[in-house]
Every structure is written in structure tokens, then in C-alpha cells.
Amino acid sequence: MIKNLKQKIKNRFSYSLLSEDDNTDYFSKPCPEDNATLWQRFTFGWTERMLMTGYFNGPLEMKDVSDLPDRNKVNITAPFLDTIDYNSKYPLIKQIYKEFVSRNKISVATKIFVAIVSILSPLCLKYFIYYIKLDESQKTFKFGFLLCVLLFLSSLSLTLSQQYGYWFGLQTSLHARGAITQKIFEKTLRLSNQAKRLYNSGTIMNIISVDVGTFSDFFWNNHIEIFVFPFQILALLILLCWIVGLSGLVGFGVMVVSIPLCTFLSTKIAKNLRISLGYADTRCNLTSEFINGIRFLKLYAWEQLFLDRIEEQRTLQLKYLYRRAIYWILDRMITQVTSALVLVATFSTYALTGNQMTLEVAFTAMTIFVNLRRPLEMLPEAIHRALSLIPSSKRIENFLQSPEIQDQPFLEQYSNNKLSIRNNNNNNNNVSSTSSIASSASSNELFDVKINNGTFDWNEIDDLDSGMIINDVRGFAISSDINDMDEMILGDEKVGKSNDTNNGIEYDGAVQPSSSSYVLNNINFIAPAGKLTVICGIVGSGKTSLVSGLIGEIYRVSGSVNIPNNISFTTQQPFLLSTSLRDNILFGKPMNMERYKKVIDACCLTPDLLQLAAKDLTEIGERGINLSGGQKQRISLARALYSDSDCFILDEPLSAVDPEVASHLFDHCIQGMMKDKTRILVTHQLQFIPSADHIIVVDNGVLTQGTYSELKEKGIDFESIMKTKKLNIDENDQSSTSTTDKKSSTSSSSSELKKSTSLLNSTKELDINTIISEKNDPNLIEKAKLLVKEDRNEGEVGFEVYRQYFRHGSLNLFFLTCALYFISQIIFQLSDFWLTIWTNDETNQHDDKYYILYYCIFIGAFIVFLVVRYFMMASITFAASKKLHSELLNSVAFASCQFFDTNPSGRILNRFSKDISDIDLILMENFSDVLQCGSTVVVALFMMIYITPLISIPFAILVVVYYVIQKLYRASSVELKRMESITRSPVFSLLAEAYNGLVTIRCYQQQKRFIEMMQNHININLRLFFYSFSVHRWVGIRLEFITALIVFFTAFSSLFSSNTGFSVLAVTTALGICSYLNWTIRQMTELEVKMNSVERVESYIKTPREGIRHTSEFEDEIDIDGEIEMDFTKWPSRGEVEFKNVEIKYRPTADPSLKNISFKINAKDHIGVVGRTGAGKSTVGISLFRMVECSKGSIFIDGVDISKVGLHELRDALGIVPQDPFIFSGSIRMNIDPFNKYTDDEIWTALEKVKLKDAISSMPLKLESGVQENGDGLSFGQKQLLCLSRTILKNSKVVLMDEATSGIDYVTAALLKQTIDENFNDCTMLTIAHRLDTIIDSTKIAVIDKGELVEYDTPMNLIKTEGSRFKKLVKYQTDFYEESQKKF
């Protein structure tokens, strides 16, 4: 029968879903609440279809959840926060009350109704007791039954009104949560450089996860209760005085004493929370930097350095969180002890003043106290949350008022062809005004790009006036003539015409310019319309500052800028989204297939698409992690080209590609499809200067501009610069011959290797239609996926998750704590029994003092167990929290690179921010509430059955109904909450990506698109939160009805009981557990939801490690040359490297990136690695560091298979200057020598060799001066110089130079090459380069093509070999330079 009923229900509720096509757009399904009947709205029956689907059809999926009601969508709610008055006190809180709470008056009404019913229900009990005490002759069944119904209705009304209060409060919570998150994201898109130094992506994520969460928690319930509860408490106390007379004032006095204590404790709780959040911000900042720079940390074997820094902040955070927990425990103790002491004080005073304790007095008063308990317990909680809201509000307000980019156009255009500009003139208000950057609307008529009398600085004017700059080091500028490298002074570009470095202002170790010294001072600039303007200059001369001034990314102190409205900009370190290659090129523009194909061809991407599994639909990892540097630059260039703007500003777009590809890009892009447009090219590759219509040389912030002949008259000697680049084959022939004679035994003839023709030439005739399809192929798209879906467990949170959590604390101690909760509740229930015995003592067998004494003993014992259980719970949860974070951090730190390729940083940071925050702040309270409420309900139910066994029959039926309801509920509620947690990750991921690409997003005016993307992500997350809360109310209403029935059956059974006192106790207990039963289920579900955070953290803790970290952990000893043990502190001693049949795949299912590579490098050889961009050169280099493991073959260093060496020892033994240098926040010393291994003299010597000593020595704190995350403000070349100084200092026997000078001008590169030759002469060195002049004198050259080693020999032999690919590259570059010199 039950089986048939189940099948009928399944058919009834699942037929429509079974008939739907899998591709149905469920997001477009309207919210079922919109079309619900009045009864369905009243009972939340409109959620049942979803609940049945989750129970009968398996775990809920996103497609099973309907749309969010329009009233709750963020695009509707966010505009209400546009008019915040920041001049008032607590402006954000006031705005939410004004805009959201005032529109939700029914929420206020329900809270008032709850207060009124809580006063009426004790009166119903009073009259019921009067009836019970009547003689049988005076009782009438109808009147008794009527009183039972009244008790049922009063109980039901009280609990149902609480449920509706929660529901209507949810609307305000959703509005606040969505609107604030959206406003934070919109503000992020407008942050100035100063604001970015104060708020990195980790800080902003922490604000959203913690502070916005505080608003969400407060405004779903506490925002009205904090005002209603005091009046409710006062009304109940008046009623108490009416029942027990002036004795009630004694109880009131106890409460009055407790209120300031609770308020004081709540203040302490908020203070410690505020301090802990500050450390949490720092921890999240460091974690964000750690994740963003993880590959560099692994290459340098610096993981432990950052782990220690993060753990230091974590320890400080936990210190204040533990203090907060102590104050919270004291607050809860005082609250619960007060409720007990009020009973003791009131009843003792009442009895000792000569009054007779009767049933109606004692239990009516007890019911009043039961109704008082919730507001009494929740008022301090509400006050605590309100006080916690203040620091969160302040943090959000500070962020929303942080400085904005000075010249930020709105998306709306005006008829006068000007754009409205948002200009942040002060820190209090964002004022709309018209900027002096004139942006002309797009038209067919081009105009000159100009800067008129422009003065620019990286700091806002307020900072310059006040002299206070926080942690700002803009880098190091080399100040000299273009051929003079002797003079160097501070400031990437942070210098004007003055060379006085002592007029700056010192703060936090950095020298800042005074108001009379700027990055660019009173400059005039012109880029002729429709012409090519080339900007050149040595590293740190001010080129990036000039470009930033053009696009409005640097503070303009004075002057004006005239630039077209629609510009395209490519950064030196390209910004790529974690989406398909195609979407990165389109960048929000509609697809024009004809133009798209031309762009692909012009940017020389066709050969690269051939190598990608899904061609242009291939998913690009975060920051283009699965692409080479050249591929990333060309995709960025393709995006600019496809946008078809009036003006193109290109910052070093050709530095990471080989000469042949660079020429192709220059001819087909810059001089091809961009022809007749205004082009501004920043480049170190001076061979392109002859093609320029206008040239600008930047030197120490000073601009010299004109045509080539005009600049030559001014003393700019381009010819001498070009001579440093020319490849003299004859000289190299001689040097190579000498080298070959010495090492002829190690060379292998190129004739023994495969020959290769130019991949570029071989694809020219290829039909691009075979590569790019106009229709999206689902199979290709699925094949192109790089990011994995976020893990999501199904079903209830398993016992193993709980066991693992308490294993981190103490499992045995937890069981003891559970026992203490039940023991303390039994003791408290015994006090009620004792009170019943007291009131039933009509013969006065004992005086009142006797009963008072034992009543106090029960209450005292309850208090003792209360204190112990709370402190034990705090000890367990804090130990677990500390251990979970530590294990999570270590697991992520030592995970493989593939883990970071397939999981965006925002998703990972979500574990460290929101999930850890839930574990830190909520789990202790959740476990405490569940155990307290659960023990109260269990003990009370057993007591009621013991007193009135008759109710066990209806109880059994209600238990079955209760079981069915909670099974239906939990099957869906947990899944909804899991999906809600998962849908938070895209919010954080988009925020992280947008933050990293702010310059690109703003230049392409893509703010509106990104805002809409964020709105979509937030709405999806709110949608899950909305339905999760809705099913809470569905189960809540049904459980409240069950508890009301329990009251009815208990009261009805009491009509037939002979023991009046215990019958009244049973009814009173039933009334008391009404709210507790529902609160127990709610807290159990909330606990299960929050345990999902533990589940998510545990899933990352189980992440496979990349390999054995220390050699000592290997089971087998390494046998090398007959020796069993090795001293790896001195390995490698020679530097001999050998690749044997090496094959490398980045993913098991991917095609090999390197195929059967075999070659040997003798000790002290310098090997040049060349090849087309994307050919696999960098893969050869990083394979030495085991950043990706060999799928076949082996690599040996000094005869040792590196797969048998611990990763730490291996990477620590090698040196590297990476292609994309990364600078970490901290001091200069920390970035060069993080473990304090070297003396100051050694560090200064290394800095002198890379031409940075003068710059750093001019800083007041010198080596202790600070730099920002990723070296913001340093030019690309300056970062490379710092990385080079690390490697020189390390003095490894094997060194990898991966495009180590790609961001440096040729003069500096020539000097550094001399430095490299001098300092690495005794090392084995692999140099990956596109600049052939940097590797032409190498011992041997390895040519890589399509992942294969196609040539490997001395430069002389390769040049002599007909058809050699290397010879073609050399001849191509040499001919190009000679042709360029002829043009000069």
C-alpha cells in the first residue's frame, strides 16, 4: 500500500519533468510563487514540486530550480544604494533601512504579532490550570476541549508568525546581500591605482564573503527584533508582576543587571571580531598572492616562505577569534543563567514573603519565563550582530568611498560627442563632472591624439599634498641618455625633469615625490591621426606612465588629453579571461566571421590553432596559463585588431615572438589591417622605427619627439643602437669554431636530426575554414574544456565528514561534551519536577526554605555543567578550525600545477575566505545550538511521555509524519545549499579576473558587460539561497503544526489525568518545546549546510600532491656512480644535463607538448633554445623543474634521474629567470633573499651587476624598502632585472633563462648579456630567446618545432648547413636589420 502511494506521489509530481527535453531552459521558468494560490502561499506549497523532484528523481540539479522572483534580482535592488549619504553616521545601514526595510512593512507587522501572541498564550495556560484544578462536578468536557483548542491555536499562531517573520525578513536580506555585492563589484571596476594598493582582490573577496555575509545575517531577522524585543520583554514582565505581584520585580531586577553585562560582552565580541577580520584580510591577501604566484614559488622552492607568512597571520586571527569565543560563551552563559536565576529569585521572593506557591502561579509564571527566554536570549544576540555589523559596514563604506580612476567615462553618450566622466574629487562622494580628457565619439574623421601641458603622477593629489603614501613603490627608473647606463635613480617612471631624489617624502620605506616632482611633468605629446607613432626608451624611462596617461590610468595633475572614444589597448602582460580563445578575441563584440578569419590570419594564429585540440574553441586557463607568452600576446593583439577601433595603443606586443612572426605581425596587423588608423606602438625592437611616421623617445620622464631626421639632429643615435643588435655571423663562426674544437666530442650533426620547414610558411596556403567553424560543435566545446566542474557531493553530509572534523579537534572530548549537554538539560528539567513537587505540597510537609534550597542546588549544578560544556565545545571547534586551515593550506601549496590550471583562483580563494570563515565563526554556535535545543526536546519528550503515557500513541503517529517531512526536506535542502556554495565561486572568480584586467576592461569600455555578467552570477547564487530558505519555511510551518498538535494532545490527555500537578507540567513543557523543536530542525539543517564548508575544505585537503617533496622520503636510495648516498646540498656539482626520449603531456588526455626529445648538455655549456612561438621551448625549460612530469623518458642532471630527487631539493638547486617575472609584496630584501642566506655585501653586489644598486641605495630604507604585489608600478623589464639578481645571488650550477631580457631595451640587454657571461661562465645555462643576438654565441643551439627537437648543433655548423631552420632565422633577422639600417 505504501509502495503504491509512493508511486502515485512520484507520478503526480514528476510527470512534467520527465517529459521535458534535457535542453530546456529552466532558468527561464518563472518562480512558482508568482502563480501560486493563496493557500499555497500560506503553506509554501509552491515549493513541493521541487522537493518531490529532489526526493524521487535523485539529487536536485540547477535545471530543477526555477528563476528568482524579479523583486529580488540584483539589477532591481542595486540602484537603491546609489544615493547613500556618506556624511551621515552609519550611512550604509541607514540606506538599507530606508530603501529595503521601509518597503517591507509586513515583516515589522509579523514581529509585533509574535510579541502580542507571546503575551496571550500564558493567559490561556492560566485558565487551563484553573479548569484542571476544578472538581469533577464543575468541569464540562466542551469547555475543557475549548481550552485545549485555544492552547493549540495560541501555540500555532506564535510559531507560525515567527516563520512568516523569517520569510519576510528574507526579502530584506536578499536585497541587501545582492545589492551590496553588486555595488562592490561596480566600485572595483572604478578603482584608482591608489585604491588598488589598499585593496587587492583577496581583500575585496574577504569583504564580500565576511562583511556582506554579516549584513545578510542581520537583516533577515535581527534588524526588527532588536527594536521589538525590549517592548516584548517589558510587556511580559508586566504580565509576570500581575501573576506574582511585586516578586516579579525581583526577577526583573535580575534581568536588568544582566542587560549591561550582555551589552558589554557584545561590545567586546564585536571589537575582537573587528580585529580578527583585519588579520583575516591580511591572510586572504597573502593567500591570494600565494595562489596567483604559485608557479613562481614552486620554481624557486619558496612555498614554505609564504606558508609561514600566512600561518603567522592565521595565528593572530585565531588569537582574537578565541577571545571573541570566550566573550560569546560568557554572554550565552549570562543569558541562560539569567533565565534560571529569574525563576529562583521570583519564586523564592514570592514564597518567602508569605505567599502560597500554587500551580496556576508557578506554571503560568514559568510559561511567561519560557516566552521570555527567546527574546532574552536573542536580544543580546541581536545586539551582538548589530555591533558586529558596524565594523563590517565601516569596511564596506571605506571601500565604496575609496579613490576612483580620475577619468572614467560612463557608457551613455551625449549628443555633443562628449562622454560624461565620473571624477572622484574627494573620498566622500563620487561626483559626476566633465573631465579634461576629451573623448570624441567614434566617427569616420580621425584626429590627433594629444597631451597638452600634462602633468601626471601615480599618486592622487591628496596623497602628494599630505605626503602620505601607503606601501607605494612604483619601481626603479634608469635615468640616462639612451646610450648611457651610468646614472640610475628611483621611481619606475616616477621621475620628472628633476633629477633630485632627495625631495621625496618617505613612508613605509619608499621615497615619494613631493608635489613639485611628478612622473611626467608638463609634457606635450602628439600622435598624428591615421599614422604610426613609435614610443621607445630604455627600461624604466617612463613609457608605461606615458601610455597610462593617455588612457587615463594614471592621475592627471594638470593639463588635458585628447583621445578618441573607442580605443584598443594591449598590455605587455596580456589579460586573458578563463574562457575560449574565440571569446577572448571577440571580447563581447558580435561575431563577424569574415573579419574574424582575417584577424586570425593577420595575427599568425592559424598554426597555433592547428595544435589546439578544439581549435579556437579551446578553453584558455586563468591568465592564459596553458599558452606560451607569444600566443598570449598575439591573442591580445587579435582582440585589439578585431575591435576595429579608431586608435590602437600597443605596449610591447612583439617582445615574446620570434623575428619572423614579429615581422608578420608588423606587416599584416600594425601596417596592414590597422592601416589608416591612429597607432601608438611602444617597443624596444628598434628595427621597426624606420616605418614610423612619428617617433617619441622617453628618457627620465622627458619626451623628445619628431621624425627620424629631426631626432637625429637632436643627437639621438639610432645607428649605434642598431649595431648592438646586428648578428655578425663571421665573428660567431670563429667563436663557434673554437668552441667546437674544444667540445667536438659532445656535438651531434644536424644532418642526423629531422629537417623542418617554416611552420609559418607551411600554413599560408591552408584554408582557414577547415580550422574555424561558424557553428559551435558541442563535441569540440566539450573537448576544449580546461576548467573542471567544482566538486559537489550528493545526498546528506556523511558521518565521515563529521568524524573527520572532530578528529581534528578531539572525538572523545566531543562525545563527553554531548553527554554534558544532556546531563545539564536533565538537571534543568529536574528543577521543573522539583517545582511541581513544591506546588503540590498542600500539607506543608516541608517549609519553603527546604524547597528553595534544593531548587537552588539544581540551578547551581545546571550552571556548572553549562560553563564546562561551552568551554569544551569552544576548545574542540577551535582546534578543528586551526587544523583544517593548516591542512588546506599545505594541500593547496603542494598540489600539482594541473590543479591550478583546472581550478580558477576565485574558486580556490572561496575555500580560504567563505568556507574558512563559516568554520571559524559559525560551526561552534551551530553545534552548541543543535545540542542545546536537541537535548531540550529529547528530555522534554521523554518527560511528557513519562507523565502522560496516553500521548505516546499520537506521538508515534506524529513521529512518522515528522520523519517523512524531514526526509523530503533534507533531501533537497542540503543539495540546494551545496549548489548555493558552488555558485559563490563564479562570483569570486569573475571578481578576481576583472580585478586583474581592470586596465583592459576600462580601455575597451566593457564595464557594462562585466557588470551584467556579475549580475547574472549573483542572481544565480541568490536564486539558490532563495529556494533554500523557502524550503526551510515549508518544513518549518509543518513542524510548527506538529508541535502545536503535541500541545493539543498533551492538554487533551491532561483532561483525563488524576495527577493535576504533573499534567500541568506536561502541558507547560509541551508549550516550551514548540519553538525548540522547529529551531532544532532548523539548526540541524543549518549545521549540515555549514558542514558543507568542512566537506569542501576536506575535498581540497585530499588533493593529490605533485610529487615527493624531500629526497629523504624516497624508499629506495639513489644509486649514482656506485655510490649509495648523496649529499644533495652540493648537488649538482658539474651541471651536466641529459634528456632521454622525453615526452611531456600537460594533461593525460592531451596531445604531447614534447615528443621524444633526446639531447645532452655538457657541464658549463650554454645552450640556446629557439623556435616559433608556441613550439614548446618553455616546456623544455620547466621540465627541468618537474613543473610537469615526463609521461615518457627521463631527464638526468649529473647522472641523477631527477624524478628520484625531491622537488624541494631539485628546484632549490636550479636557477631561473622566468618569462613572466613575478614580484611578491614585502621588502626588496625578501624578494631577493627570502631566507636570509646572504650578507648585505653579496646582495648589493648582485644588484650592482643588474644595474639596480644605485636605485635601491638611494632609498632611505634601502633593502628594507617595500614593493607591492606583483611589483605593481615596476615595468616589465625592471621585474626581469630583479629576478635576474635573485639568480646571480643563488649561483646555481644549472640555470634557465626563459626570455630573460624580452622586456629590456637592447642597450640594457647588451650590458646585461656581458654580466650574464661573466657570472654564469661556470654554469650550465639554457637560454630561451627570440632575440637571436642573445644566443648566437652559445655552445649549441636547439631548435624546437611542434614539440620536437629538429636541430641541435653548434651555431657555426647550423649556419653552414643548407636548409637549416636556424640559418633561415639568422639570415632573416640579419637581412631585416641590414635593411633597417639602410632605411636610416
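The backbone N, Cα and C atoms fix where each Cβ goes, and this holds for glycine too.
Annotated in Swiss-Prot:
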- 104-388: domain 'ABC transmembrane type-1 1' (DOMAIN)
- 112-132: transmembrane segment (TRANSMEM)
- 140-160: transmembrane segment (TRANSMEM)
- 226-246: transmembrane segment (TRANSMEM)
- 247-267: transmembrane segment (TRANSMEM)
- 333-353: transmembrane segment (TRANSMEM)
- 505-724: domain 'ABC transporter 1' (DOMAIN)
- 537-544, 1171-1178: ATP binding site (BINDING)
- 729-756: region 'Disordered' (REGION)
- 735-756: compositional bias 'Low complexity' (COMPBIAS)
- 813-833: transmembrane segment (TRANSMEM)
- 814-1093: domain 'ABC transmembrane type-1 2' (DOMAIN)
- 852-872: transmembrane segment (TRANSMEM)
- 941-961: transmembrane segment (TRANSMEM)
- 1036-1056: transmembrane segment (TRANSMEM)
- 1061-1081: transmembrane segment (TRANSMEM)
- 1137-1371: domain 'ABC transporter 2' (DOMAIN)
Stretch contact, the transmembrane segment (140-160) with the transmembrane segment (1061-1081), Cβ-Cβ under 8 Å, 3+ pairs: yes
Same-chain residues at least 6 beyond the ends of the transmembrane segment (941-961) whose Cβ lies under 8 Å from its Cβ atoms: 829, 833, 1042, 1045-1046, 1049-1050, 1053-1054, 1056-1057, 1059, 1062-1063, 1065-1066, 1069-1070, 1073
Residues near GLY1171 (ATP binding site) in space but at least six apart in sequence (CB under 8 A): ASP658, LYS1177, VAL1343, ILE1344, ASP1345
Segment proximity, the transmembrane segment (813-833) to the transmembrane segment (1061-1081), 3 or more C-beta pairs under 8 Å: yes
Structural state of LYS543 (ATP binding site), classified by DSSP into three states: helix
Intrachain residues whose Cβ lies under 8 Å of the transmembrane segment (813-833), provided they are six or more past its termini: 340, 343, 366, 806, 855, 858-859, 861-862, 865-866, 868-869, 872-873, 875-876, 931-932, 935-936, 938-940, 943, 1065, 1068-1069
Close approaches to the transmembrane segment (1036-1056) from elsewhere in its chain (Cβ under 8 angstroms; 6 or more beyond its ends): 43-44, 128, 132, 141, 144-145, 147-149, 151-153, 155-156, 159-160, 162-163, 166, 944, 948, 950-951, 954-955, 958, 961-962, 965, 1063-1064, 1066-1067, 1069-1071, 1073-1074, 1077-1078, 1081-1082
Long-range Cβ neighbours of the transmembrane segment (852-872) (under 8 Å; 6 or more residues past either end): 329, 332-333, 336-337, 340-341, 343-344, 347-348, 351-352, 813, 816-817, 820-821, 823-824, 827-828, 830-831, 834-835, 838, 928, 931
Residue among the binding-site residues SER541, THR1173 whose Cβ has the most other Cβ atoms within 10 Å: SER541
Local confidence of the domain 'ABC transporter 1' (505-724) - pLDDT mean: 81
